[in-house]
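S.K.: The structure under discussion is supplied below as structure tokens; questions concerning it will follow.
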Amino acid sequence: MASRRTRETPADAAAHSTAEKPPVDSDVTPAVPTHVILKLLGFSVAMVSTPLGMYFAMSAFGMSSTFSGISAAIMANVILFLYIYVAWQEDQEEREALAAKKAKKAQ
């Protein structure tokens, strides 16, 4: 079945659509805070440079390449766990601040 359409011109439709919607203030805050991006970049640089530095430093001091590779892998995991821990702590701080704000509103 065909649907019935009104005999409205495109100019009338445009006038109705702009007249019905009040102007809204746009939110220009970034979706992700700057300190989060900087923290991610810092840990990314550390994730690349620390294992490589550890590998070449241990190789330069005469360690075998096997032990150098193992130490580089361990350092990569340490940095990964540090990043997870820092993100977890930051999330807890946000939750505590939100809970305090809700408790203040409830009073």
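Every residue gets a Cβ built from N, Cα and C, even glycine.
Feature table excerpt (Swiss-Prot):
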type: COMPBIAS; residues: 1-10; note: compositional bias 'Basic and acidic residues'
type: REGION; residues: 1-29; note: region 'Disordered'
type: MOTIF; residues: 104-107; note: motif 'Prevents secretion from ER'
type: TOPO_DOM; residues: 1-35; note: topological domain 'Cytoplasmic'
type: TOPO_DOM; residues: 57-66; note: topological domain 'Lumenal'
type: TOPO_DOM; residues: 88-107; note: topological domain 'Cytoplasmic'
type: TRANSMEM; residues: 36-56; note: transmembrane segment
type: TRANSMEM; residues: 67-87; note: transmembrane segment
S.K.: When secondary structure is assigned with DSSP, how many helix, strand and coil residues does the topological domain 'Lumenal' (57-66) contain?
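M.R.: Counts, helix then strand then coil: 6 helix, 0 strand, 4 coil.
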S.K.: Using DSSP, what is the helix/strand/coil residue split across the motif 'Prevents secretion from ER' (104-107)?
M.R.: 3 helix, 0 strand, 1 coil
